[in-house]
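Over in TrEMBL, the protein carries these features:
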type     : residues : note
TRANSMEM : 39-56    : transmembrane segment
DOMAIN   : 67-128   : domain 'Homeobox'
DNA_BIND : 69-129   : DNA-binding region
DOMAIN   : 131-332  : domain 'TLC'
TRANSMEM : 136-154  : transmembrane segment
TRANSMEM : 180-199  : transmembrane segment
TRANSMEM : 264-291  : transmembrane segment
TRANSMEM : 303-324  : transmembrane segment
REGION   : 340-396  : region 'Disordered'
COMPBIAS : 341-350  : compositional bias 'Acidic residues'
Amino acid sequence: MFDTLYECFWSDSLWLPVGLTWADLEDKEGRVYAKASNLYVTLPYALAFLLIRYLFERWIATPLAVSAGIKQRVYLKAEENSILEFYYTTQCRNPAQVDIDGLSKKSSLSTRQVECWFRRRRRQDRPGVLKKFTEASWRFVFYLSAFIGGMVALHDKEWLYDTREVWTGFPKQTMLESQYWYYILEMSFYGCLLFSVAFDVKRKDFKEQIIHHLATLVLLSFSWCANYIRVGTLVMLIHDASDVFLESAKLFNYAKWEKTCKTLFVLFAIVFMVTRLIIFPFWLIHCTWVYPVLYYPAFFGYYFFNTMLVVLLCLHIFWAYLILRMIRKFMFGTLTKDERSDNEEEDGDESSSTQDEVEQRHKPAGSLVADKKYDKNGGSRSLSPPENICWSKTVC
């Protein structure tokens, strides 16, 4: 059964135009063709990228962040409570009032204490600016290196300037060494991104990012096996172009260089719109949709490849919508964060958490403190020990 599935998967009619077989793409007459077995190397390379990333973030990005004035913020940890922790990890991170009442009875805590515990617990999981900076630094270095490498590999290739040349001699187009490394390193990097999604900063477009990485890997793998390498290099090049400006804008945003950040964001928006919504659909998809049928009848691989390109285009449109929302807020002076950020707490809670930590830090452990807090009517109330009572909603 396995052999049958294997033969069906690698059927000539699925991958190649009519009249061609895999025997036609065997190395001969000085021509070297891409082979599916070459892709196995991307797995160890992806793991190597994880190691390189760890070393880069630890020894380069972190000191750079510290020199830019970015520090790791330490939040007051939520007290150990097995009942609340179980609910937090298995049910919901932000329970409704009805659930809070039920958890209050189960844990023998007041509703205010339960609310306080969940706020502190969410803050524990919230990534700090330092983590965001190091991640953006890693992506910036790779995208910049990949874009420069892509330009070096393609600047003298005729299909960079005339997309009709993509299909000249297809599929009997020999693979160049520069194309080999460009593909392998890009695919290894996207594999690294998939491996690291569990501990990377999660944003509102997390699902779209996963779809994008998977679609990119499938697209690159198919183009590699079917020898669509020329158009594949063009797709990678235009994607890396805008990502360089995006990651650099994030870096300056985290470092509080607002003017530089805004300038880079405008450049990113322009490059993104031009490359992803103009060049990609009207040059590259047009190239893969119109020109191939001039040389051979349409086949399954032709439709599959173009479908994956359309999936990427849909994701580009989604992100363009988010970018336009950010531009609108940017123009009216209301842009305070990335539209994809998934902040659960308001700025008031963020600032009040610092007050809570400072007050707690200067109090002896286990001591009873009777601070006076005045309410709106001028009265006062006595506070219970900090380890037992959450003082007020604004300091939890």
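Heads up, the Cβ atoms here are built off N, Cα and C, so glycines get one too.
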| request: Go through the chain and flag residues at least 6 beyond the ends of the transmembrane segment (136-154) whose CB is under 8 A from any CB in it; none is fine as an answer. | output: 53, 56-57, 60-61, 64-65, 160, 176, 178-179, 181-182, 185-186, 189, 233-234, 236-237, 240-241, 243-244, 247-248, 250-251, 254
| Sequence-remote contacts (6 or more beyond its ends) of the transmembrane segment (39-56), Cβ cut-off under 8 Å? | 137-138, 141, 184-185, 187-189, 191-192, 195-196, 221, 224-225
